[in-house]
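K.L.:
Straight out of TrEMBL:
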REGION    1-27  region 'Disordered'
COMPBIAS  1-11  compositional bias 'Basic residues'
TRANSMEM  60-79  transmembrane segment
TRANSMEM  155-173  transmembrane segment
TRANSMEM  179-198  transmembrane segment
TRANSMEM  210-227  transmembrane segment
TRANSMEM  239-261  transmembrane segment
TRANSMEM  382-404  transmembrane segment
TRANSMEM  410-429  transmembrane segment
TRANSMEM  441-459  transmembrane segment
Amino acid sequence: MVENGHHHHHPPVAAPPMPTIQQPLGAARGPAFPPSEQLIHLNYCIHSNPSWVQTVLLAFQHYIVMLGSVVMIATRLVPQMGGDHGDKARVIQAVLFMSGLNTLLQTLLGSRLPTVMGPSFAYLLPVLTIINDFEDEEFPSEHERFLHTMRAIQGALIISSFVNMILGFTRAWGDFTKLFSPVIVVAYVCVVGLGLFGRGFPELGKCVEIGLPMLIFLVIFQQYLKHFNQRAHPILERFALLLCIALVWAFAAILTVAGAYNTVGATTKRSCRTDRSYLLESAPWIKISYPFQWGAPIFRASHVFGMMGAALVSTVESTGTFIAASRFAGATPPPAHVLSRSTGLQGIGQFLDGMFGSIVGTTASVENVGLLGLTNVGSRRVVQVSAAFMFFFSIFGKFGAFFASIPLPIFAAIYCVLYGLVAAIGITFIQFTNTNSLRNVYVLGLSLFLGISIPQYFVSRTDPVTGHGPVHSGGGWFDDILNTIFSSSPTVAMIVGTILDNTLDAHHAREDRGISWWSPFQHRKGDGRNEEFYNFPLRIHHYMPNRYF
């Protein structure tokens, strides 16, 4: 076939250069990690359980960790009430018994999360007010003054417990928590740990030669040595805490026997010596706590109103601790109805605290939630078994007193790690928000700073003996309420964060706040896993009214 026409040969045309794709300023140069609703490195989550031998050892570890707060509170309050060493030992036994009972109530019927319920420091100010109210009264003996004060504390705990019951069983608290978003939760849970810094290194520093080795050994044994031997890895990861306590406690005993503290001041002796608690000598061999063991409760309106503020603060602190525990246990965030019923059960627990003669009300133990993260074991069964240790040592006083004589700087060193873990787990909720939103940065920054700064102002201006804080309105009970609320870091952070996050361009920033991710977990049927984690055991939920549970 012949082509007709003329052929024109054109020179080749170069292709236009490809435009250079420029990444935006500050774009990630490394791998991007997608949000993860559950931690993937847990050895055991809320439903899975280690072997029974490990369960018992881990449960005993939880008991030891919560023991520090029990001893701290009793050591601070009982002498001011006129009690002797025997009274302090019996108070510790009562607090342990109620901690075990409240732990079972919460893990079986309340939050259903692996959280130990221990004594709350939020009750210190109203209790100190009660103590000072009886200072000018004359009693036949100091022991009688102690008993009278205990009865007044019992009455205030019993009546103020209705605050939590009403908030919980009317579902008012759960409805309020629906205002939360991941932005609020970050600051809220962070200061649950960070706000307790005063119980960390400041307490450790009262006996550096014991506290500092405990802190260093715990970090080295639990984090570094486990990588040198594959067989030792799970043992050191889960039980290094017990090993370090044994080593440092033995070291403290050697220093005590060798006379290292014979010529030091009284404060150093109390902190460093292993024979200054006097619990082993004064504790009864067997004592079973029973209702009104200190006598009939005394009811005074001024005492009750002051204690109501502490009951409210304990609810706020427990809620933040429950949210942290859900993350460490591999569960979804607790829904609103779960937080309501846990608050109601906490009120019942406080009512029982008053009946059985505990010195303060209970709250979810922050240090024990930190222990979940330290051991990577979030098993509910482990915490339930730890309640058995609380019951045992509350009955057999001599055995409990042996462990209660561990020097407090050892506990303070442990808290430096455990409180830090709880603060860090709060930060992980930021992955569900827009971290590049300046609006979120503002809410987080102000909530975190004021959540630490305001309580520090109140605590630094509160008399440790009388409990009088910076609020002086002339009404003692009103002062106690405000001083207690604003001395609590989680409470202040929650108040500031909730107000800002729900009023500062809240509607248009819905996606930036992480509401789309958070909202389904707040409803009973919003996420299919809610029932898996939070339903009652043995199909009890079929017999419970949905209005309350």
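Cβ coordinates are placed from backbone N, Cα and C, and glycine is handled just like the others.
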K.L.:
For the transmembrane segment (410-429), which partner among 60-79, 179-198, 210-227, 239-261, 382-404 gives the most CB pairs under 8 Å?
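P.N.:
Ranked by Cβ pairs under 8 Å, first place goes to 179-198.
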K.L.:
What same-chain residues lie close to the transmembrane segment (382-404): Cβ under 8 Å, and 6 or more beyond its ends?
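P.N.:
Sequence-distant neighbours of the transmembrane segment (382-404): 44, 49-50, 55-56, 58-60, 62-64, 66-67, 70-71, 89-90, 92-94, 96-97, 99-101, 103-104, 107-108, 114-116, 277, 279-280, 282-289, 368.
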K.L.:
Considering only Cβ pairs within less than 8 angstroms, which of the stretches 179-198, 239-261, 441-459 has the most against the transmembrane segment (60-79)?
P.N.:
239-261
